[in-house]
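Have a look at the structure below, then the notes.
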């Protein structure tokens, strides 16, 4: 990576004062750490994630069966069964172009800052601070909403199981949902406080539970549903499956609301980038994991959606007493014991999603704080000496993620806005570096060095970049619309309001104070070298003292 990527905001390896700050011994660094230092950062994490753990992490952040289960009501009960099947494959194809575009940037910039750091390095020097500021806040907002919405969905899934097990005789209140939601977040905060090597070992098995549960649900539903009770193709794929239940929107808009499921499931692509400083051969493994996870989730997710609709029974009976159409279909076909047994693994998959999401988001907060993008004077940009993980950032993320879930106390319908908020904020933060890479491709102050995963400058590269940009702009509009008409304060979609509010407030803060201390991604090489000099001086003083003592 060229030294022009960071200058003059921060000094690079070539610009350091060699007399004051000795050059690190490169023979002691592996290829990943050399690349990281070329980007301007001293390695801060231990690289404990193998290829399998990285792929498992990428799959787990999307969730597949648990994410589909969490959002299955939206397409089914707004646009109908055909919306479930067609919106998934349409969205999955578009997500493939976005995931591929992100993977090539992650390959070029394998840092825990992810696309936030990359965005600031893909523009001229004078624009770096403003671009990094906007992308950083959007990305953190989207990731916090992702953690919150997934945990909120898990809490509802657990209570749905309780309702089913008691034959609908148990009443679940909003306070109970929010209480379980907050408790689960605390548990995930504790688990994420473990050292990286334990997180890597824990993550390896996530992918097998995820894909195995999905396969079991597909096989058992098909085996237990009589052929005569399966819906015809016209209901699953055709016009008879288009059932508008929005109360006022036309059928086309009602159909497009089904995109929420796939867009919410297949997002947070850059999560793997945020752990890239903990991944071996990150420039290869991180983008490859994104690519594999996007394809796998898209294909298996479509098959699962088709089977769920095929075996769904009468639409009038859904979502049933549990409030989850996905669980109700399983109970219908597998019986209560069988459904609850498989449902426990679906809940476990959702648990894994939050686990990986908090790990990824805490690294983003760590990087943003390290660059002085938060009003904390770098407090949260600190790694624990005990675990070599950003414990402060982990617990800040845990506490903040509780706040969106409190919307459920005001209105369960309004609380669903956090699902749309996740997709809007994250996908918006993704297309900014994709656009900037093309706009400033030949600018003298921007030297984009492609990584091992590269789409190229031909029709494939341009096609993916343009397609995903236009698609993201389109879904932002769709997800900003209220799902039900007429609009009331209780069913209003607050996703766009929250997103715009955060952008405006962060922009005002930047103009008032942020510009004084935030200059975009900043190198910590000087800090590390200064610490090394101090450490060496102290070591020398100690040795000298020992010599004097012996002489005396």
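The backbone N, Cα and C atoms fix where each Cβ goes, glycine too.
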For the record in TrEMBL, which of the ranges 3-26, 171-194 is the transmembrane segment one? 171-194
TrEMBL feature transmembrane segment, matched against 28-48, 49-69, maps to 49-69
Can you tell me which parts of the same chain pack against the transmembrane segment (283-304), counting only residues 6+ beyond its ends and a CB-CB cutoff under 8 A? 32, 35, 49, 51, 54-55, 57-59, 61-62, 64-65, 68, 85, 88-89, 92-93, 95-96, 99-100, 102-104, 106-108, 110, 211, 214, 217-218, 262, 265-266, 269-270, 272-273, 275-276, 451-453
What residues in the same chain, six or more past the boundaries of the transmembrane segment (493-512), come closer than 8 Å to it by Cβ-Cβ distance? 130, 133-134, 137-138, 141, 375, 407, 414, 417-418, 420-421, 424-425, 428, 479-483, 518
Need a quick answer: max count of Cβ pairs under 8 Å to the transmembrane segment (393-411), which of 171-194, 243-262, 340-360 is it? 171-194
Region pair the transmembrane segment (49-69) / the transmembrane segment (206-223), three or more CB pairs under 8 Å: yes
In terms of Cβ proximity under 8 Å, which residues at least six beyond the ends of the transmembrane segment (243-262) contact it? 67-68, 71-72, 74-75, 77-84, 86-88, 90-92, 95, 301, 305, 315, 419-420, 423, 475, 478-479, 481, 483-486
Beyond a gap of at least 6 residues from its ends, the CB atoms lying under 8 Å from the transmembrane segment (340-360) belong to 57, 60-67, 69-70, 143, 146-147, 150-151, 153-154, 157-158, 161, 164-165, 184-185, 188-189, 191-192, 199, 202-203, 206, 209-210, 212-213, 216-217, 220, 268, 270-272, 274-275, 326-327, 330, 334, 394, 397-398, 401
For the transmembrane segment (105-123), I need the partner stretch with the highest count of C-beta pairs below 8 angstroms, choosing only from 76-99, 135-159, 171-194, 206-223, 459-481. 135-159
For the transmembrane segment (459-481), out of 76-99, 135-159, 171-194, 206-223, most C-beta pairs under 8 A are with 76-99
